[in-house]
Amino acid sequence: MRNDSPWSMATESSAVAVAGDANSTEPWSARVRALTRLGRHRESLALLRHGDPSPPPHALALPASVISCAALSLPSSVAQIHALGAKRGLLPAADAYLLSALLTAYSRLGSLRLAHQLLDEMPLESTPHTTLRTAFNSVISGCALHALPVACFALFHRMRAAAVRFDAVTLLALVPAAPLSVVPQVHALAARVGFATETSVANCLISTYARGGAFGAALARRVFDEMPLASRDLVSWNAVLSAHAQNGLAVDALDLYRRMRSPEGGGVEPDAVTIVGVLSSAAHLGALGVGFDVEHYVRQRLPGFRTNVQLCNALINFHARCGSLPRAQQLFDEMPRKSIVSWTALLTGHGMHGNGDVAVSLFERMVSEGIRPDNVAMVGLLSACSHAGLYDEGRKYFSTMESVYKLRPTLEHYTCMVDLLGRAGRLEEARELISSMPMPADGAVWGALLGACKIHKNVEVGEEAFANVVELEPRNAGYYVLMSNIYTDTGQLDNVARVRAMMRERGLKKEPGCSYVEHKGRVHLFMADDHSHPQARRIYELVIRLELMVKEKSSGVRESEVAAAKGRMEKAAAQPLVGIHSEKLAVAFGLLNTEAGSEIVVIKNLRVCGDCHSFLKVVSATTNRAFLVRDASRFHRFDGGVCSCKDYW
């Protein structure tokens, strides 16, 4: 026998002890099966070899032995039992249990050639259909396990050609293995025979569609909605919720969570997987109320949550991204075991708030505790240095990525460095870095340089960056807007018109600004110049009064300006006003609906403009309110007339 033979896997004394157990009244074959079922695979194989069975090994013991060989990764031993079964006339198709065990073992161990050979030896005409279906399912599952979709579907076509009916087990192997373009065809086939709404198959379809982006999430939602209410289990809810959360459809994910917790959920209780998806969406939207309710549920119903690293990481990320850094820090400190994701979530949170020194200290502490940084952690660190203007620190960490941390810089790291250099006004140094990159710069790298040129009103470098970025991403309207703004800031109105003409010719439109505010558990969305909110009239009137107040505080107000402001208020009563950014509307809503002294949290999809930044500083000083605004890149906390970014953003 070879060294991996089952007979060599246990000592003689062990075998005798098991085989000669005087307290056992079970038949010999039942004891083999019991040992396998208990996971005592070496003892099971030792008993098969060294026992004194009467009658000799047969169909009741051999399938269990095959399972033990597979569990111990002994492919040649599986082949030996295969040979023994054939010698005793149990194969190729006389014994369905042994056949299934062999095919499953071969498939899991990667011996697909032997699995196909055994399948080929089966007499199709005389083998029961249930046995054939089990055989085909085993080999299809094996091919799927080893990422061989072509082989999976070749076997499936062969199965159908042999008039062998497929079942849910077949579909559970085929659906995840299928290319996304093929999944709807498999889905249609499943629907035709009534399997598509079966819980396990529907759950599999939902999870597979989720890989297809927003369109895939819509298909996943359709499968879910077509399931009978009684068929939806926890896996169903988690799959459809994750499909939306992972594809940026945060509002839909939170809506699904509310449905799950309502009577429509049928009493299905969320678990840690559900909570992670919900917290991710709540963090994306800045839905503080939802996130706090979820955390309350976690503390009440999942008392051991601190040992669930993934769940704690989701909570830390939620609090950090929603502006509650002390709470994120507390959760971090309470964790008995931290992963690199835990450190990165907290580090990135401090970076978003402009706390670069804290982020650097966290990074150094992480390294001192023996946790090796990965590429994501380095992106968070470099971004934190950029937001805080820590030029020297950023340069140091970037230059030591390979030598100290064995990490090769990627495009994301170069983007962070160009952003850091550009914000610091070192535009020529940023250009030199781009030219020295070992890979071609992508749109994000050139876009970072273009954004820096907007900050520093540098037309020459901006035009170079713009030429490169629109060649790489010609459909990204944001870059055209940036270049147009650079020309506007430098008084080059002809060039402004030229860039806008380019946008019209290419059918591009500026992404509309939008801001979210949560109030009493509901997220209120405001678009620029939006008049759909029930309180729109009061909101616009307040914005006009605030703008007048800001002018008065900044430079004094002439009587003509007061009259103009009154005219705008009268106009607002008659027809919609335009030219008002979404964050001003969101702040006005917050002022109208919260008590003095409270903090108003606003989440914005675009970068805060200079005008709104100045506006919010003055308003925070005169209304006894603090405004925490998360824009596309960082947090700004306006309180008492100053911003936490120190006007460096």
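Placed from the backbone N, Cα and C atoms, the Cβ positions cover glycine too.
Annotation source TrEMBL lists repeat 'PPR' at 233-263 (among others). Packing against the repeat 'PPR' (233-263) from elsewhere in the chain are residues 199, 202-203, 206-207, 209-210, 213-214, 216-217, 220-221, 223-224, 227, 269-271, 273-274, 277-278, 280-282, 284-285, 287, 290, 523: each is 6 or more residues past its ends and has a CB under 8 Å from a CB in it.
The feature repeat 'PPR' is assigned by TrEMBL to 308-338 (among others). Remote same-chain partners of the repeat 'PPR' (308-338), defined as residues 6 or more beyond its termini with a Cβ less than 8 Å from a stretch Cβ, comprise 272, 275-276, 279-280, 282-284, 286-288, 291, 295, 298, 302, 345-346, 348-350, 352-353, 355, 371, 601, 628, 630, 635, 637.
The annotation repeat 'PPR' is assigned in TrEMBL to 339-373 (among others). Mean pLDDT for the repeat 'PPR' (339-373) in the predicted structure: 95.
Marked as domain 'DYW' by TrEMBL: 569-649.
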| message | Just to be sure I understand, if DSSP states are collapsed into helix, strand and coil, how many residues of the repeat 'PPR' (339-373) fall in each? | response | 26 helix, 0 strand, 9 coil
